[in-house]
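Colleague: Look at TrEMBL and you will find 6-152 tagged as domain 'Lactate/malate dehydrogenase N-terminal'. The NAD(+) binding site feature in TrEMBL is assigned to G11, A12, A13, G14, Q15, I16, S17, N105, Q112, V129, G130, N131. Here TrEMBL flags R92, R98, N131, R162 as substrate binding site. Residues or ranges marked as domain 'Lactate/malate dehydrogenase C-terminal' in TrEMBL: 156-322. The active site, proton acceptor feature in TrEMBL is assigned to H187.
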Amino acid sequence: MKTPAHIAVTGAAGQISYALLFRLIAGDLLGDDQPIVLHLLEIPEAIAGLDGVKMELIDCAAPLLHDVVVSDDPYVAFENADLAFLIGAKPRGPGMERRDLLRVNADIFAVQGRALNASAKRTVKTLVVGNPANTNALIAQHNAPELPPENFSAMTRLDYNRAKSQVAMHCRCPVSEIKRVIIWGNHSTTQYPDLHHALVRGKPALDKLEWDWYEKDFIPTVQNRGAVVIQTRGKSSAASAANAALDHMRDWLFGTPAGDWTSMTILSDGSYGVTPGLMFSYPVKTENARYQIVQNLEINEFSRNRLQITEAELLAEREAVRHLLR
Ligand code: NAX
């Protein structure tokens, strides 16, 4: 039998985690022969609720689940972690500006970065889901100086999945026929969903699609999808976010399919003229649990402008949390 994988999940009593945990113990990420120990982190007020989730996990009698650790201490929760899903964050309250949200959450991710640095395996792969995800990931990474910077990422996979599905619906073809979609930049409404390099049934997407639809319908639809889900469902995306978190980690660990790529928010190395050291969503290919930014894609003026808009937002976010960056 394989040694159990230790998976840490923060915000474990929240709605995304509720959609994630049961898929983890069913083997949806690491396969049906990989035992799992779950390490669940919550704030003290939510521990009682999390104890209830733990009971339900146990009640699944899942053969892969070897243990469940519940804690309100990140140093305990991250102990020995191989994978960390940082989902827990404070939601935006009434009258709260994005700037206020940034500040409250920045402190959380500084603490958790330090805890990962102290407690997790040196190879821990970290995915930040909690918003503002890019900048939270940057803070966590800066506060974990002994861990490889390339092992920190944030989630734009939900945006990528949304983009793929919009194209598939518009072209009336299966999602599997849509390849090489890109989400550039921030997980926010400034993100740039780019179809200039996308393929539909192996042919350039923009040869098949009307430009008007691309610019005026597709781009804003993907950028604003999260808000529209909240308006429609009355709650923010949960199952689709958990699904995207699994897709992100699975591709990172096991590789992207031949002929395709994915989008991940990772530390910029300056590729495509983006300021180095920002957490920026790029097209990436993955192999042997490592990612590489897809290089040499042509960026026209339309795309360049949009890349600059989302980069400017990330630079402003970084300025607002500068005191937490080492
Ligand atoms: P919920 O409010 O249902 O759950 C969040 C949980 O985090 C709560 O149980 C809360 O007690 C816990 N928490 C708060 N501070 C914590 C801390 N310091 N340590 C540990 N746990 C803590 O939110 P949910 O719908 O699960 O969403 C979680 C986060 O994901 C939010 O920030 C949300 O904005 C973000 N999202 C990010 C997405 C992405 O694509 N990157 C998409 C979905 C989602 O909007």
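Residue 1 is the first one shown; counting continues down the chain.
The backbone N, Cα and C atoms fix where each Cβ goes, and this holds for glycine too.
Unlike curated records, TrEMBL annotations are generated automatically.
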Colleague: What is the separation, in Å, between the Cα atoms of S17 (NAD(+) binding site) and N131 (substrate binding site)?
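Modeller: Distance between the two Cα atoms comes out at 14 Å.
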Colleague: Going by C-alpha positions, which of the recorded positions (G11, A13, Q15, H187) is nearest N131 (substrate binding site)?
Modeller: H187
Colleague: Look up G11 (NAD(+) binding site) in the DSSP assignment and reduce it to helix, strand or coil.
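Modeller: Where G11 (NAD(+) binding site) sits, the three-state DSSP reduction gives coil.
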Colleague: Ligand 1: which of the binding-site residues G11, R92, Q112 have a Cβ closer than 6 angstroms to it?
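Modeller: What lies within reach of ligand 1, judged by Cβ under 6 Å, is G11.
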Colleague: Whole number in angstrom, please: the longest C-alpha to C-alpha distance across G11, A12, A13, G14, Q15, I16, S17, N105, Q112, V129, G130, N131 for NAD(+).
Modeller: 20
Colleague: Between R92 (substrate binding site) and G11 (NAD(+) binding site), how many Å separate their Cα atoms?
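Modeller: Taking the Cα atoms only, R92 (substrate binding site) lies 15 Å from G11 (NAD(+) binding site).
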Colleague: Look at each of the recorded positions, R162, H187, and point out the one with the fewest other Cβ atoms around it within 10 Å.
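Modeller: With the recorded positions R162, H187, fewest surrounding Cβ atoms within 10 Å: R162.
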Colleague: Hey, does DSSP put N131 (substrate binding site) in a helix, a strand, or just coil?
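Modeller: DSSP call for N131 (substrate binding site): coil, neither helix nor strand.
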Colleague: Distance check, please: Cα of G130 (NAD(+) binding site) against Cα of R98 (substrate binding site), rounded to an integer number of angstrom.
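Modeller: Between the Cα atoms of G130 (NAD(+) binding site) and R98 (substrate binding site), the distance comes to 13 Å.
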Colleague: Measure from the CA atom of Q112 (NAD(+) binding site) to the CA atom of R162 (substrate binding site) and give the result in Å, rounded to a whole number.
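Modeller: Counting only the Cα atoms, the answer is 29 Å.
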Colleague: Go ahead and report the DSSP secondary structure tallies for the domain 'Lactate/malate dehydrogenase N-terminal' (6-152): helix first, then strand, then coil.
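Modeller: In the domain 'Lactate/malate dehydrogenase N-terminal' (6-152), the DSSP-based counts are 66 helix, 27 strand, 54 coil.
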Colleague: What is the one among the binding-site residues Q15, Q112, N131 whose Cβ has the most other Cβ atoms less than or equal to 10 Å away?
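Modeller: Of Q15, Q112, N131, the one with the most crowded Cβ is Q112.
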